Every structure is written in C-alpha cells, then in structure tokens.
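According to TrEMBL, the features are:
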- 284: active site, nucleophile (ACT_SITE)
- 102, 103, 104, 107, 192, 193, 194: UDP-N-acetyl-alpha-D-galactosamine binding site (BINDING)
- 192, 194: Mn(2+) binding site (BINDING)
C-alpha cells in the first residue's frame, strides 16, 4: 500500500501550484506598485571582527539628560554613542544618504555655508546626494564635493508667500522619493538651508523614522508647545496630548518611512486647504501630529538643530547643526 495515495499527491501539487502563482502575482504587484520600495537596509548590525573600543556600561554614563523615550526609542546626545563603532558597522553596508534642502528666493544666500559645512561634518566618508530645490538655479554655488558625494539642482517655482514654500515641501519630498530615489537610496534627511553644520552628524542618526527635538521648547511643558490647536485641522493635537515638539527643519530616516510621512502630511495639508484651514506652522504642525501617532524610532537631541542666537544650556555639550541668525523681514517674501 503506498504511503501517499493519488488524491493526496494531487492535492499537494495543486497547493504548490497555487503558492507559485500567488508568489508571482505578489512579486509582480510589488514591482509595478508605485508605492513599493526596495531597500538594502539590514536590521542586523554586524561589527568587524576584533574591533577594539571602550567597554560599554549600563550603570555609568550621562545622568543630566534622558537617553530613551517612554516607547524605548533612543535619544541621541553627545556621550551616548561610539562613532567609530557605528561607522564600522554601517560602512560595509555601502549605504546612500540623500539630503533635501530648499533654497527659494533670498534663502539662496545660505546655501554656500550649508553645503561647505555639510562637506566637513554630514556623513563624512559615506555616499551622500544633496538635492537643492530652488527658483534660482543659476545662483547655486560651486562647492567642491568629496568622492562619492554629489549635488542635484531641482528647479521649483517662486512664491509670494513663505508659508506656501513651507507647505509644498512635503509634496516635493514625496515626489522626489517616488521619481528619483526609490531603489537606490537608503536614508533621507530633510534639512533647513538657513542652518549650517558645526559638528559631526553621522551614522548615530540613522533609524526608521528620525525626529529632532526643537531647541526652543525642549524644556517646556507640553501645554506650551505651538501645536495646531483647532480640532477642525488634520494637524490637531489636543491639550494634554503630544510627546515632544519636533523640528520641521530637520527630520529623516529610512526612505520608505519618510515617504509615508511626507505623503500623509501632504494629504492632510490638502484636506485642510479644502476647508480653508492652514495649520499654525504649516508642514511642521502636520509633522508633529504625524509623529504623535507614528512614534519615531530614534530621536535626536537639540544638538542636531540648535539656534545660533541661543547660548548653550549646560546639557548641550556640542552643537552639530544650527540655524543662523537672520532678519526674516529681509529674506521672506511676505
């Protein structure tokens, strides 16, 4: 008597055939889906063999700041990571990091300092592609970039209102990811042009969804945060809600995570516009609403976007990226 009868064999073959068909369908759908992403990112962190570095401790370290959120995301401060160890882990992955910067109107004046200081401090030794959105492409400065680093100018129309420039950033970031970055970029950071780098910004900042704590509010109670407080807005954060107040001028993460953030914020902004609402701080308000619900997997301390007009508080041991002093009346169109 055979161990498996003919009907059982037929059933197994049919199941196998169905699985093959399903796999082919899913694979084809994934390749043709404009929302699909291919990423080389690996969660498995491999350290080079015999790499020597200072022994970690879980009982000694910084005691003046909190280094983890209530949902267990790291908060990155100077003294909480080993840069050499992290670089040695990520360098073999051959990652590509994109950065977007908007230099519209008179904001073009800040671009040279931004680019030159990025060459000194932003993911040095890694592949970096900077995308400059500007209505003045002929005024983009020539900055010598290291091997593996490049710049692409993305022309955009001018605007009579700085709020419109701010509001369109999410749309432009979403489109850039869909049309140019998919399948060959791992991480993206979206940064303000009227800022410059003063210290290392590197692999310690990598994560799924990465937020930066706003330097103006990180010591305040949440009731003082400038969230959008009108319930009719899609950016609404109710009293008693919210974790931190995050910067609209610096955020990032894995390409697919930032794409989802940008797409959602754009949709919510457009839904508000249809009923005549503009959130208090445009895309920053929508970003804060998004990150209240979709918790960032890594939070960067105010070291990663300070303000030049502020003196350092004791817990700020290093300033990595900072907004420059400027007269908004001179540079904004309204």
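Placement of Cβ uses the backbone N, Cα and C atoms for every residue, glycine included.
Keep in mind that TrEMBL annotations are predicted by a computer and have not been checked by a curator.
For residue 102 (UDP-N-acetyl-alpha-D-galactosamine binding site), the count of additional Cβ atoms within 10 Å of its Cβ stands at 25 [all protein chains shown]. Farthest C-alpha pair in the UDP-N-acetyl-alpha-D-galactosamine-binding residues 102, 103, 104, 107, 192, 193, 194: 11 Å apart. Residue 284 (active site, nucleophile) is 18 Å away from residue 104 (UDP-N-acetyl-alpha-D-galactosamine binding site) when you measure Cα to Cα. Other than the site residues 102, 103, 104, 107, 192, 193, 194, same-chain residues with C-beta atoms no more than 8 angstroms from the centre of those residues' C-beta atoms, the UDP-N-acetyl-alpha-D-galactosamine site, are 101, 108, 110, 111. Taking CA atoms as the reference points, residue 107 (UDP-N-acetyl-alpha-D-galactosamine binding site) and the residue listed as 'active site, nucleophile' are 18 Å apart.
Between the candidate recorded positions, 194, 284, the densest Cβ environment within 10 Å is the one around 284. For residue 104 (UDP-N-acetyl-alpha-D-galactosamine binding site), the count of additional Cβ atoms within 10 Å of its Cβ stands at 22 [all protein chains shown]. Within 10 Å of the C-beta of residue 107 (UDP-N-acetyl-alpha-D-galactosamine binding site) we count 22 further C-beta atoms, all protein chains included. Just so you know, the Cβ of residue 193 (UDP-N-acetyl-alpha-D-galactosamine binding site) picks up 23 other Cβ atoms within 10 Å once every protein chain is counted.
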